[in-house]
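Trainee: Sending over a structure as structure tokens; questions will come in a sec.
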Amino acid sequence: MAKDLDQIPTFKAVDTDGEITIGIDEAGRGPVVGPMVYTAFFTTDADEVSDMGFKDSKVLNKAQRESLYSDIHNSPFCGYSSEVLTPSDINKKMCQPLKISLNEVAFSAVRTIISRILNITQRGVKGVFVDTVGPPAKYKAMIAHSFPQIDPECITVCSKADAKYPVVSGASIVAKVTRDVCLERWIFKETHTEGFSGFGYPTDLVTINWMKESYDPVFGYPNFVRFGWETSKRIVEKKYPIHTPVHYKESGVCLGRIRSKYLAKKCIGDVPVW
């Protein structure tokens, strides 16, 4: 791993003068495990950025992404602002009684990263280009309403923006590299959990098998997992189907015993189910 990837900062400033052009994209929206990262890439020289060879991170391999990230890291006219949303952050928002949708979680992250850029750089904005989440018109209206200092005519929100606009491709690269580093260096609080080596998507068999093995019938999933995803729910329902509750007065009968991997590590035996 390159030296400049030892630590991925959540903000990098530009060292050149002038107004900025911003591109916004994410990494990790679809996976059932790991963080979701939103990044706003910004530059004072959009023409130079067009010549840096940026592409949507999904069509680049790991070595190519890391090489382009190094170019961004070392460029005086390239900067970025990232927001890392851990699975715990996502779980709290999406699993609370008044649920917050994933789109609203995304909008909040975008407001945060744009605000950080404007507050720190104190620059004028020539343009904002965004890879859409949900209806483009709603996304654009949210940005325009949140940042009245940005001319709405300068805001472009569309699908496949990461393949159309180099500034969005730059954001895609930074977001993906940041997420990859988070995955590689994740510290599990749960001592019974084995390290993760999959891709994180519901279609990835390595990910699904890891989730099945990591689920504890007493304590649930590790904090690396997004509980609200249908994939997470299906694994639990299939592995540990919900039984009809026993009335309190009849609860003296033990229905079975559950083995907890976490408790077993602490030399505690099976837990009875009443």
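Glycine residues also receive a Cβ, built from the backbone N, Cα and C atoms like all the rest.
Just so you know, TrEMBL annotations are computer predictions that nobody has curated.
Because the structure is a prediction, the values reported are computed rather than measured.
So TrEMBL says this about it:
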type	residues	note
BINDING	D25, E26, D131	divalent metal cation binding site
DOMAIN	19-241	domain 'RNase H type-2'
Trainee: Near E26 (divalent metal cation binding site), how many other Cβ atoms are within 10 Å of its Cβ?
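Mentor: Within a 10 Å radius of the Cβ of E26 (divalent metal cation binding site) lie 24 other Cβ atoms.
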Trainee: Check the DSSP secondary structure of D131 (divalent metal cation binding site), expressed as helix, strand or coil.
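Mentor: D131 (divalent metal cation binding site) sits in a strand per DSSP.
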Trainee: Given a separation of at least six residues and a C-beta threshold under 8 Å, show me what packs close to D131 (divalent metal cation binding site) in the same chain.
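Mentor: Within the chain, D131 (divalent metal cation binding site) has Cβ neighbours under 8 Å at I24, D25, E26, C158, S159, K160, A161, D162, V168, A171, S172.
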Trainee: Across all the protein chains here, work out how many other Cβ atoms are within 10 Å of the Cβ of D25 (divalent metal cation binding site).
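Mentor: If we count other Cβ atoms within 10 Å of D25 (divalent metal cation binding site), we arrive at 29.
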Trainee: Within 8 Å of the Cβ centroid of the divalent metal cation site residues D25, E26, D131, which other residues of the same chain have their Cβ?
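Mentor: These residues sit around the divalent metal cation site: I24, A27, Y38, T39, V130, V133, A161, D162, V168, A171, S172, A175.
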Trainee: Based on DSSP, name the secondary structure state of E26 (divalent metal cation binding site): helix, strand or coil.
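Mentor: Note: E26 (divalent metal cation binding site) is in a strand by DSSP.
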